[in-house]
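**Student:** Before anything else, here's the structure in question.
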Amino acid sequence: MPAYDPSPPTPPAPPTAPATLTPLERERAHLAASRTALRAMRAETEALDLSDVAPNWVSAQVLRGDLAQRVRELADLAHAPLFFGRLDCAVLPRVPAPNATPASSPNPEPASDPTPGPTPDEERPALHTLYIGRRHVHDPEGDPMVIDWRAPVSQPFYQASKKDPRGVELRRRFGYTAGELTAYEDERLTDPGEQRVSTLLQREIERPRVGPMRDIVATIQPEQDSLVRADVDGTVCVQGAPGTGKTAVGLHRVAYLLYTHRERLARSGTLVIGPNSSFLRYIEQVLPALGELDVRQATVEELVAHVPVRATDSALAAGVKGDARMARVLRRAVRAGVRLPTEPCVVQRGARRWRVPAYELEEIVGELLERDQRYGAAREALPQRIAHSVLVRMEQAGEAPDDRTQDAVARNPAVRAVVKESWPTVDPAKLVLRLLSDAEFLAEQAEGVLTPEEQRAVLWSKPARGVRSARWSAADAVLIDEAHDLVSRTPSLGHVVLDEAQDLSPMQYRAVGRRCSTGSATVLGDLAQGTTPWATAGWREALAQLGKPEARVEELTQGFRVPREVIAYASRLLPAIAPELTEATSVRDSPGDFAVRHSAAGELSATVLAACREALEREGSVGLIAAEARVPELAGTLDAAGLAHVAPGVETSEETRLTLVPATLAKGLEYDHVVLDEPGAIVAGEPDERTGLRRLYVCLTRAVSGLVVCHAGPMPELLTGVRPADEAVGRQPAMD
Ligand SMILES: Nc1ncnc2c1ncn2[C@@H]1O[C@H](COP(=O)(O)OP(=O)(O)OP(=O)(O)O)[C@@H](O)[C@H]1O
């Protein structure tokens, strides 16, 4: 039995597989048959007649929408093979089912004939054969031909090992070339002697990267799988070095949760939060490739876009505005307009007048103030509470008022006047505008919370005239969001994935936290990559701000992106930027090409240009990363040399494989070959050295195959050291 069959593609076999076929041909036959079955499933869905099913026009429209969605989900994507793995099990793997009904049968009964796929040992036909793929496919009788990777029964594909085979005798991985099934590789879990590193897995990890991020569904690793399948009710925080698959894990987790808790999450919604729109464009195709078309993606700025952002804060002002203490200031400010009534409320009903004395009104308002209730909800409760007092008096006088009387009293002009006076409406944006413009008001609300210096830092030098004309900053928008939530509760989604979380301010964590207050979150980040002045120092505190103090924190340390030599070089910065973190290991076989090139002052751009040209001679994407201030000059150099380039977030093509990336946008992205321009300028582009070195760490860890660092100025001290800075330090300085 061949373990690896790299034979060239042959035309797909017919759906039924004669016994004379080779194992690879049989697998191709199963692929062809599965495709036919998928087409039939799609045709069946398209042919459904809804005219008699829906009771009215609206329901028919909804059903039609659902069906159109289902048809889209059943598309056979040319670039995504229908299945990528196979399990042969003596007994079907029993995995405790999560507490919801999956979208499709998780534990299929074995087909009466255990083929269509071949069994590895023909004399042992009793094995159950499961093909694992991106979606469930069944034959016309309803028997599964491909099992969704998210079904519990598929889990052993990711988790079974020789130590713990989980009933699996054989795991087979398939290799595809240009959409054709061209190879497979077997792992016998019951054979303790067999030791093999998966070539297909390695090939997938090493493959050149072009275009947007792809899914990793065929090669999810056991520690990643445990995170992907973690229970929906718990929040998970993943600390991971660059390239350890945090983003990949987060996206696959959404797909898994949607499959396992489809109804619940379809109702409540899911959201992926990323650092900027170019990052979101980079990852936007992963979930649709996994069949999930309805997951919203946004930046934190988009979530809190109550006002247009037109200004940038100083680091000091942004730091204070992002501090969790601002929540206390706002809470006070929202309630600052509440006045204890000093006059009685007299309600006229027919010939009678009912009087609620001032001390009783005061008690009601005082009680509402003490309650942990939204300001708006308390404002709605106030007239009802006053009406209740009136009703008690009516009953004492022998009347028999009902709920309708209470509602009518609550709407009485005298009651409304008390509410207006004692509990005025609050407009969140106007409130924040007043806080930032009116020194006296701010001083009252921030007394004992912010120092006078901090108050001065947040006050606008020129008070704004109105909400529309104010020059709001990103941090101001978060304050307005907090004020909104103090007035009326922000609706919670079912699950939120928060990527690059380390850069959020405490107030931003709170903004995200209220969007999953009754749901759960997956928090992904790397403390060493925090580049904001308020970057997260520790996960416990951040999770508390998010409202999930009980979340479990896990660490990923196996790097899938960055070659060994490159990650070792970048990790030299760790003692200065995050001494508590462990260095990542690289699972990549290839050591990577790595070089540091020194050039004379005035010749740096020419050196960079040469490095870009060399990189473009190779396969895959090329990223030229530089400090913001250097980008215009480099763009000019590339243009003058006729080297086509795009900005991050713009899709590359065969003709344009070069992206010119400002260092501030490099986070989360990756390129096959990275040319890094002047590290010293990248460090100097940030307000302080630690942030600068962290920014540099992010930039140094974007490379998949090769990194060339070009500099004319001095290198950061931690990166000099043993070897001369202008020496090629790669094992194979092939780009030099
Ligand atoms: N199990 C895996 N199999 C194959 N490739 C993987 C696997 N896990 C991660 N990768 C790949 O490694 C690269 C890095 O993954 P990802 O971007 O998710 O890492 P990250 O931890 O979010 O990195 P960063 O900290 O830089 O944002 C991606 O190309 C991803 O597809």
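Note that Cβ sites are derived from N, Cα and C of the backbone, with glycine treated the same way.
From TrEMBL, here are the annotated features:
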BINDING   Gly240, Ala241, Pro242, Gly243, Thr244, Gly245, Lys246, Thr247  ATP binding site
COMPBIAS  1-17  compositional bias 'Pro residues'
COMPBIAS  105-119  compositional bias 'Pro residues'
DOMAIN    219-563  domain 'UvrD-like helicase ATP-binding'
REGION    1-20  region 'Disordered'
REGION    98-124  region 'Disordered'
**Student:** Relative to the Cβ position of Thr247 (ATP binding site), how many further Cβ atoms are located within 10 Å?
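**Tutor:** By my count, 24.
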**Student:** To test your reading of the ATP site: which residues beyond Gly240, Ala241, Pro242, Gly243, Thr244, Gly245, Lys246, Thr247, same chain only, put their Cβ within 8 Å of the Cβ centroid of those residues?
**Tutor:** Asp526, Leu556, Gly559, Phe560, Arg561, Ala584
**Student:** Write out the long-range same-chain contacts of Lys246 (ATP binding site), meaning residues 6 or more apart in sequence whose Cβ is under 8 Å from its Cβ.
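**Tutor:** Long-range Cβ contacts: Val238, Gly240, Asp499, Leu524, Gly525, Asp526, Leu556.
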**Student:** List the binding-site residues Ala241, Pro242, Lys246 whose Cβ sits under 6 Å from any atom of ligand 1, in sequence order.
**Tutor:** Pro242, Lys246
**Student:** Non-local Cβ contacts of Gly243 (ATP binding site) (under 8 Å, 6 or more apart, same chain)?
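**Tutor:** In sequence order, Gly559, Phe560, Arg561, Val562, Ile567, Ala584, Glu670, Thr701 meet the Cβ cut-off.
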**Student:** What three-state secondary structure does DSSP assign to Gly240 (ATP binding site)?
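**Tutor:** In the DSSP reduction, Gly240 (ATP binding site) maps to strand.
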**Student:** Around the C-beta of Pro242 (ATP binding site), how many further C-beta atoms are within 10 angstroms, looking at every protein chain?
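**Tutor:** Looking across every protein chain shown, the total is 25.
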**Student:** Taking 10 A as the limit, how many CB atoms besides its own sit near the CB of Gly245 (ATP binding site)?
**Tutor:** 25
